[in-house]
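Enquirer: According to Swiss-Prot, the protein carries these features:
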DOMAIN    5-267  domain 'Pyruvate carboxyltransferase'
BINDING   14, 202, 204, 238  Mn(2+) binding site
REGION    392-522  region 'Regulatory domain'
């Protein structure tokens with residue numbers, strides 16, 4: 001049996017289902033490119049039949065990614081498989097992942113069919129998907145609660161039908177490691193054609209056991225683990241990719257298994273997903289939490305000074321978290337910035353040097369010292385800008401009356417290149433700025449969530465503002481970054497306004513198509 005574990009990332013499919021606001025196509029592509037750099041073998045990037053937006057994002061990613069296999073999800077229905085195949089057809093290499101429920105409660109209560117009917121649907125779906133590709137994965141949804149005889153039968157028939165990967169999900173995070181490992185062991189003992197497929201696992205974290213269950217399965221012969229960055233996903237989340245990768249690396253002597261993950265990209269990828277998805281990483285999160293390499297106990301600190309491996313089983317550098325605290329000032333030249341970006345793993349094509357250096361100088365004049373995390377924050381914000389932004393914040397001035405609690409804000413916004421200046425009052429400077437921006441853009445949206453976080457350390461740290469806004473029953477996520485909280489808040493709102501504008505244009509386009517079809521049918 002191979003000692004290579006295939007890493008199947010589903011951040012952009014299962015992970016995205018946990019978000020309050022959907023990612024844009026551009027944001028999904030950013031994450032896909034980061035996953036490719038990370039070295040994932042397979043990335044599941046969407047459910048094409050679910051919406052035109054998901055179809056487009058799958059197609060865009062499939063067209064761009066070259067070094068990882070792109071996968072799309074489909075139910076055991078021909079229309080789903082058709083949509084997946086069509087969206088993936090532009091890829092160099094792709095996988096169709098089809099699934100159906102197999103547990104008694106799902107078969108009887110959700111599908112309202114007999115197990116034999118479900119078995120037939122599964123076989124037909126796999127055979128149909130094989131018309132488009134040899135790489136077909138089949139999942140037994142809720143396998144963790146499926147009677148073992150039925151599960152063995154389903155796996156055997158799916159392999160006979162042509163599935164080359166069989167996924168065994170613990171869909172509701174119900175099993176414990178000994179139990180889940182036992183399921184995998186039983187499949188290897190009882191399914192006669194098990195050697196013709198890779199056995200995969202997809203574990204959820206409802207009881208906090210997703211990683212432990214996945215490792216138990218791997219020890220019993222599973223050779224694909226489905227996971228997400230930072231463990232994001234439905235309900236309590238999914239198996240965490242970074243934890244699986246570092247378990248395999250750190251305990252190689254015990255497990256004797258490898259995966260193709262470039263561990264030095266873990267920190268960077270984790271931060272990107274956290275920012276784009278507006279999902280903070282808890283401080284004590286294994287591998288990527290801010291406390292993961294912190295030592296506060298005096299005994300621990302003393303041990304660390306004598307020998308780092310007394311209390312560290314891996315190094316921050318091993319996941320790409322550089323301890324180099326070299327600071328840069330406005331006197332630092334372009335070559336210094338370029339060197340620091342290279343040290344952090346960025347290629348020249350990942351950012352615009354002219355734009356980055358200009359922003360760096362502006363920030364250095366404000367802060368005095370600029371650190372690595374500042375540069376990464378600037379690159380992230382630059383990546384959020386769109387060439388076709390309708391609204392651009394040019395200038396803002398705020399006056400606050402501390403005695404009355406009333407603030408006045410004046411903003412100048414370029415709308416399609418034409419400057420518009422508006423002023424408004426509000427209950428505090430942020431509220432005033434938001435009211436002024438609403439006037440300038442002639443749009444009123446409902447802010448449902450506002451979050452402020454520091455990007456960096458000390459009193460001069462950059463402030464990142466994330467907002468979730470509701471407009472026409474759709475949710476949008478905006479982000480802003482500045483040394484001033486009010487400015488960062490204004491940037492976040494303008495970001496949302498541009499997303500809303502593009503959503504309106506798409507809606508108008510769809511409506512026009514609908515009208516043309518109606519006229520054509522008359």
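Placement of Cβ uses the backbone N, Cα and C atoms for every residue, glycine included.
Quick caveat, the model's predicted, so the values are computed rather than measured.
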Enquirer: Given the Mn(2+) site residues 14, 202, 204, 238, which other residues of that chain have a Cβ within 8 Å of the mean position of their Cβ atoms, reported in sequence order?
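Expert: Going along the sequence, the neighbours come out as 10, 169, 171, 203, 205, 210, 226, 227, 228, 233, 234, 237, 239.
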Enquirer: Find, among the binding-site residues listed as 202, 204, the one whose Cβ has the highest number of other Cβ atoms within 10 Å in the structure shown.
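Expert: Ranked by Cβ atoms within 10 Å, first place goes to 202.
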Enquirer: Return the count of C-beta atoms lying within 10 angstroms of the C-beta of residue 238 (Mn(2+) binding site), excluding that atom itself.
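Expert: Total other Cβ atoms inside 10 Å, all chains included: 30.
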Enquirer: State the count of C-beta atoms found within 10 angstroms of the C-beta of residue 14 (Mn(2+) binding site), not counting that atom itself.
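Expert: So the number of other Cβ atoms within 10 Å of residue 14 (Mn(2+) binding site) is 23.
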Enquirer: By DSSP, what is the split of the region 'Regulatory domain' (392-522) into helix, strand and coil residues?
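Expert: With helix first, then strand, then coil, the region 'Regulatory domain' (392-522) has 50 helix, 58 strand, 23 coil.
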